[in-house]
């Protein structure tokens, strides 16, 4: 009725100058073009200062992309790309406009007509529903689409949720409801292993940080790298334990997700520098070469160690700030955004694997020619343990995460998941054991400190 009344009032008027993304209709009024809606919410208007804003079909549920199709908003419409069906191409789909008719439902076009007629009379339909649930649920605002015989999110958006109440906003009137999407079910055993393993790692990392800071005789380029890696791992694991499930408020959750993104990328960047330093140290066994390369790297390792993650986070936050925070305070797994983390990690793991096997090859060929001081290490078991542990300290074991897909099957997937969790949560323990407890100088310092402690009678 409000819409008809407005048309009657405008029937005798001439069409005014229409703003950008609007056109004249019936020579009497302006209306926003398909894919746009007026900022005021009105369908018809005379005011040339009115703004026609792009409708984000991907976020509002108006897009008609098929299941697993990639939805990407663009000015005045959207595109659907089926590249997302193939895991390896997710990141590619996020940076190019690969559009294909088969990716749409019923080959529909990538534009959406503004369905906000009810706003003409000043009505802004909203509804709320008390719903039980925890922080790890997702509330979806829907209405019943009789022609399709199912629920639809078209024209409805989620406004706010707390522990017991959900508020929605829709641009039309119908029979509304709130669907509760439960978070993916967690394996309770894996959860316990993660919490216990990370707690032990935090203790070992704290002791390692104290060792690298206080033991002056061992302070050099190597210990600087170990210290920065230990700091990043300590902060990342601590934030993971305390903040990964703090999904409310959403802004805080997004900040936590961004910090975790930065800290874990920084961890892997320092692992890369560790691998590079290990390779150069083994290749240049002479003291003079070792010293010169150490001084050279020390000048650049801090800008590289923290600069590269900062650049990646800045670009990710600019491109998709809404992709931080899901059922947990981490990155969204759809639309290829997760590759802003997995991409750099995959590259670093591959590079460190190359460094690791080159180091083994060099040591194998030069072991007999090492100087007398180094050759005094005759315990083969200790050397073997150090060599294997170094593979995990360099982060290569994180590569198991790339094989945690449905195609491997439930049994193999469980084995990979448990191996991944146990090994990587104990990375801090291995770092402390290899670089502190198995370091002869550190052991001598610890023994000297213990000897100074007065014994009680």
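Each residue, glycine too, has its Cβ placed from N, Cα and C.
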Of the residue ranges 161-181, 224-244, the one that Swiss-Prot records as transmembrane segment: 224-244
Membrane topology agreement for residue 190 and residue 438 per Swiss-Prot: no
Matching range for Swiss-Prot feature annotation, transmembrane segment, among 192-212, 276-296, 360-380: 192-212
Cβ contacts the transmembrane segment (385-405)/the transmembrane segment (192-212), at least three under 8 Å, sequence gap 6 or more: no
Selected stretch (most C-beta pairs under 8 A with the transmembrane segment (192-212)) from 224-244, 251-271, 337-357, 414-434: 414-434
Of 18, 52, 58, 141, 168, 170, i.e. the disulfide-bonded residues, those within 10 Å of residue 24 (disulfide bond) when Cα atoms are compared: 18
Neighbouring C-beta atoms (10 Å sphere around the C-beta of residue 18 (disulfide bond)): 20
Sequence-remote partners of the transmembrane segment (337-357) [C-beta within less than 8 Å, at least six residues beyond its ends]: 90-91, 94, 261, 264-265, 268-269, 271-272, 275-276, 278-279, 308, 312, 315-316, 320, 323, 331, 390-391, 394-396, 398-399, 402
Cα-to-Cα gap, residue 156 (disulfide bond) vs residue 32 (disulfide bond), nearest whole Å: 19
